[in-house]
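Colleague: One structure coming up, written as structure tokens, with questions to follow.
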Amino acid sequence: MVASAEADVPPPTMLVKIASAGLSACLADIITFPLDTAKVRLQVQGERPNAPGVKYKGVLGTIATVAKTEGPLKLYGGLPAGIQRQISFASLRIGLYDTVQEYFNAHRKTPATLGNKISAGLMTGCVTVFIGQPTEVAKVRMQAQSSLHWLKPRYSGTYNAYYVIVKTEGFLGLWKGTSLNLTRNVIINCTELVVYDVLKEALVKNNVLADDIPCHLLAALTAGFCTTALASPVDVVKTRFINSPPGYYPHVHNCALNMLQKEGLRAFFKGFVPSFLRLGSWTVIMHVTFEQLKKELMKSRQTVDCAT
């Protein structure tokens, strides 16, 4: 990513980037979690058409229905797993992006190429999926389950979800849907980081906007929309497959085929609006906070170094 416009602030270190990415991602997750819960509920709806339960309509309608029938706190069901996911996953995939990009471009004296940026996004996206997958499985299942009186929840809490999954599905149950999540996160990581990076760089270099909050907002919002559009079909299949009981879908492709046959192509874009609202707002909050936090941490470090 392009360097900060404030010349007196030293470039952020790798640890500062990782810490800033983790903290920013956690903040973004806390703020946007109800939207993510609405997205998951809309995506799994239709999986079992005859099952008893509330029917959800639209983003705000889903949020209102969950809050009314299950209580407002249910919108944050699975938040501990979500925070754990951001700490173990987002901190590394975003925090290491610049470092990996610099590694791929080490033999050149010119700025990083588009190929370098894509390669960095691919690598950080792939590696961190395996680290964060258990938290993703627990998060999705906690968000998908309803606590209405006629539906017995599968899990009493996030840590109970980890325990029950290992007990009933084996240790590898925590990595269910890894191949799908790998595909999804490679798409998300490359699109989000590369679009943000390229657009931000273009805006600054062409003197359209300074390297500050308005520039970060525009670049992040554009990256969020592009990411949602490309990742939505994989995201829906991933959510359905991860949330399904053992044996319900023999394979990932069986889940996708079942959706296509029973619900049509539109099923692959279920929850698109909440996906964009969530991913778009998450991307904006994360990147704007990330950019500012990096600067402030380096300023603080510079002040401490000067004082000593």
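Using the three backbone atoms N, Cα and C, a Cβ is placed for every residue, glycine included.
Sharing the feature lines straight out of Swiss-Prot:
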type     : residues      : note
TOPO_DOM : 1-10          : topological domain 'Mitochondrial intermembrane'
TRANSMEM : 11-33         : transmembrane segment
TOPO_DOM : 34-74         : topological domain 'Mitochondrial matrix'
BINDING  : Lys57, Lys270 : fatty acid 16:0 binding site
TRANSMEM : 75-97         : transmembrane segment
TOPO_DOM : 98-117        : topological domain 'Mitochondrial intermembrane'
REPEAT   : 112-202       : repeat 'Solcar 2'
TRANSMEM : 118-134       : transmembrane segment
TOPO_DOM : 135-179       : topological domain 'Mitochondrial matrix'
TRANSMEM : 180-196       : transmembrane segment
TOPO_DOM : 197-213       : topological domain 'Mitochondrial intermembrane'
TRANSMEM : 214-233       : transmembrane segment
TOPO_DOM : 234-267       : topological domain 'Mitochondrial matrix'
MOD_RES  : Cys255        : cysteine sulfenic acid (-SOH)
TRANSMEM : 268-290       : transmembrane segment
TOPO_DOM : 291-308       : topological domain 'Mitochondrial intermembrane'
Colleague: Look at each of the recorded positions, Lys57, Cys255, Lys270, and point out the one with the fewest other Cβ atoms around it within 10 Å.
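Modeller: Per-residue Cβ counts within 10 Å for the recorded positions Lys57, Cys255, Lys270 bottom out at Lys57.
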Colleague: Run the contact check on the transmembrane segment (268-290) against the transmembrane segment (11-33): 3 or more C-beta pairs under 8 Å, excluding pairs closer than 6 in sequence.
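Modeller: Counting Cβ pairs under 8 Å (6 or more apart in sequence), the transmembrane segment (268-290) reaches the transmembrane segment (11-33), since there are 3 or more.
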Colleague: Reported in the order helix, strand, coil, what are the DSSP residue counts of the topological domain 'Mitochondrial matrix' (234-267)?
Modeller: 25 helix, 0 strand, 9 coil
Colleague: Are there residues at least six beyond either end of the transmembrane segment (214-233) with Cβ under 8 Å to its Cβ atoms? List them, or say none.
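Modeller: Cβ under 8 Å, 6 or more out: 184, 187-188, 191-193, 195-196, 199-200, 203-204, 208, 268-269, 271-272, 275-276, 279-284, 286-288, 291.
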Colleague: By Cβ distance under 8 Å, which residues at least 6 away from the ends of the topological domain 'Mitochondrial matrix' (135-179) in the same chain are close to it?
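Modeller: Residues 36-37, 40-41, 44, 52-54, 69-71, 74, 77-82, 84-85, 88-89, 129, 238-239, 241-243, 246, 252 contact the topological domain 'Mitochondrial matrix' (135-179) from elsewhere in the chain.
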Colleague: Going by DSSP, how much of the topological domain 'Mitochondrial intermembrane' (197-213) is helix, how much is strand and how much is coil, in residues?
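Modeller: Helix (H, G, I), strand (E, B), coil: 10 helix, 0 strand, 7 coil.
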Colleague: For the topological domain 'Mitochondrial intermembrane' (98-117), could you work out the same-chain residues 6 or more beyond its ends whose Cβ comes under 8 Å from its Cβ atoms?
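Modeller: Answer is 1, 14, 17, 123-124, 193-194, 197-198.
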Colleague: Cβ under 8 Å, sequence separation of at least 6 from the ends of the topological domain 'Mitochondrial matrix' (234-267): give me the contacting residues as numbers and ranges.
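Modeller: Answer is 40, 43-44, 46-47, 49, 136-137, 140-141, 144, 168-169, 173, 176-177, 179-181, 183-184, 187, 275.
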Colleague: At the level of the C-alpha atoms, what whole-angstrom distance separates Lys270 (fatty acid 16:0 binding site) and Cys255 (cysteine sulfenic acid (-SOH))?
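Modeller: Cys255 (cysteine sulfenic acid (-SOH)) has its Cα 15 Å from the Cα of Lys270 (fatty acid 16:0 binding site).
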Colleague: I'm trying to understand the geometry here, so how far is the Cα atom of Lys57 (fatty acid 16:0 binding site) from the Cα atom of Cys255 (cysteine sulfenic acid (-SOH)), in Å to the nearest whole number?
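Modeller: About 23 Å separates the two Cα atoms.
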